[in-house]
Every structure is written in structure tokens, then in C-alpha cells.
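Accompanying notes for the structure given below.
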Ligand code: B4P
């Protein structure tokens with residue numbers, strides 16, 4: 001199965017993707033994590049993306065598309081994959097569709113994690129990752145509203161969108177996600 005987790009920063013995409021991947025036996029592809037690793041290792045790409053991550057801005061599409069295209073060729077992605085935090089722009093979504101079509105491995109479902117802003121802010125401030133300060137969080141929320149939210153309509157029009165309430169406990173959200181995924185199997 002190929003599954004996309006879509007949702008604002010702090011919705012719990014990463015938290016839940018790890019657990020759902022274990023449950024379903026599929027690979028976890030988090031573009032946020034991959035970019036942070038590049039930055040930690042101070043690779044050429046890592047140096048290019050550092051400012052975007054620190055300022056809460058989306059990294060340029062082509063950089064993200066390149067790392068995803070390489071990653072999905074790895075063996076552990078063969079049984080399936082959860083794409084956590086990717087795609088994040090319409091351009092990424094369209095390019096991703098072309099890539100998957102060319103491999104004859106279309107998306108099965110896109111799950112939107114729905115949650116209100118107050119709860120997001122609380123979660124992110126509590127986590128306190130390097131990019132979890134108020135100014136960066138506000139920018140990440142703006143990026144989400146302006147650039148990522150249009151994907152909800154994009155996938156809804158294709159009838160592969162499922163929306164899940166992400167405001168409950170980790171266990172409740174996990175069960176809702178499994179149910180949403182099972183509804184398309
Ligand atoms: P990401 O790494 O994707 O991070 P995120 O959206 O902020 O967080 P996520 O939703 O995964 O929340 P989490 O589970 O951790 O992106 C970081 C940056 O990378 C972006 O700002 C951007 O610059 C760049 N980037 C990534 N992908 C890109 C792309 N495709 N294109 C361009 N740029 C890209 O949960 C947050 C906290 O809440 C945790 O502390 C967790 O423990 C807690 N939590 C989770 N679920 C909970 C629950 N049910 N109850 C209580 N707490 C909960």
C-alpha cells in the first residue's frame with residue numbers, strides 16, 4: 001500500500017506514521033526527518049536546506065522530489081510505504097503522481113489528520129524541537145494553509161481522501177487511522 005499522511009505541523013503525522021508502519025509492515029518515509037538528517041550530517045543538501053528548516057519555510061520542491069524519488073527505489077519500500085509530510089505543495093503532488101504512474105504504483109489513500117490550531121501550538125511548544133519556537137511555528141502554519149491545504153481538494157476530487165480527527169489520545173488517533181486505511185483495502 002502507498003499511503004500519504006497529510007496535516008498541519010504537530011498534527012501527529014510522524015508519531016502515528018511510525019506506529020502504523022510497524023502495524024502494516026510498510027516503510028516510513030518522512031521528508032522532514034530526511035531533511036533534518038541531511039542538515040545534521042552537513043551534507044551539500046543539508047547546508048542548502050538548513051535555513052528553510054530553521055525559518056519554518058518549505059524546502060524547494062525539486063530538492064524534496066529528488067530525495068523521495070531515490071528513497072522509493074529502496075527495497076524496504078517495495079511492500080508499501082507511508083509518505084509522512086509529503087507531498088506538501090500542488091507541484092509536489094502532481095510530480096509525485098507522474099512518478100508513481102511511471103512505476104505503475106498509484107497511491108491507495110491519503111489520510112488527512114484534522115486538528116485545531118490551539119492544540120497544535122500546545123503540542124509543538126511542549127515538544128520543543130529546534131524549529132518549535134513561536135515565530136517558526138506560525139510560519140509553518142502559514143506555509144501549511146497557503147501551500148499544503150489545497151491538497152485536501154486535490155485528493156478529495158480523486159476520491160482517495162479520508163479525514164481523521166487527530167485531536168484525541170495517541171491510541172484513539174492510531175485506531176482511527178487504521179480504520180481509515182482499512183476502508184480502502
Ligand atoms: P515535519 O518533520 O514533517 O514535522 P511536522 O509537520 O512539524 O510534525 P508532525 O505532524 O510529524 O508532528 P509530530 O508527530 O512530530 O516537517 C518539518 C519541516 O521540514 C517543515 O517545516 C519543512 O521546512 C520541511 N519539510 C518537510 N517535508 C517537506 C516537503 N515535502 N516539502 C518541503 N519542505 C518540507 O507531533 C508533534 C508533537 O505532538 C510531538 O511532540 C508528539 O509527541 C505530540 N503528539 C502527537 N500526537 C499526539 C496526541 N494524539 N496527543 C498528544 N500529543 C501528541
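Cβ coordinates are placed from backbone N, Cα and C, and glycine is handled just like the others.
Curation plays no part in TrEMBL annotations; they are all automatic predictions.
Owing to the predicted nature of the structure, the values given are computational and were not obtained by experimental measurement.
With a cut-off of 8 Å between CB atoms and residues at least 6 apart in sequence, the same chain places 5, 6, 7, 30, 84, 85, 113 near residue 13 (ATP binding site), listed in sequence order. For 10, 11, 12, 13, 14, 15, 127, 168, the entry in TrEMBL reads ATP binding site.
For residue 86 (AMP binding site), the Cβ neighbour count at a 10 Å cut-off comes to 24, with all displayed protein chains included. Look at TrEMBL and you will find 31, 36, 57, 58, 59, 85, 86, 87, 88, 92, 129, 140 tagged as AMP binding site.
Looking only at the region 'NMP' (30-59), the predicted model's pLDDT averages out at 96. According to TrEMBL, the feature region 'NMP' maps to 30-59.
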DSSP helix/strand/coil residue counts for the region 'NMP' (30-59): 22 helix, 1 strand, 7 coil
Distance, residue 59 (AMP binding site) to residue 11 (ATP binding site) (CA atoms, angstrom): 19
Chain-internal residues near residue 12 (ATP binding site), provided their CB is under 8 angstroms and they sit 6+ positions away: 113, 115, 123, 166, 170, 173
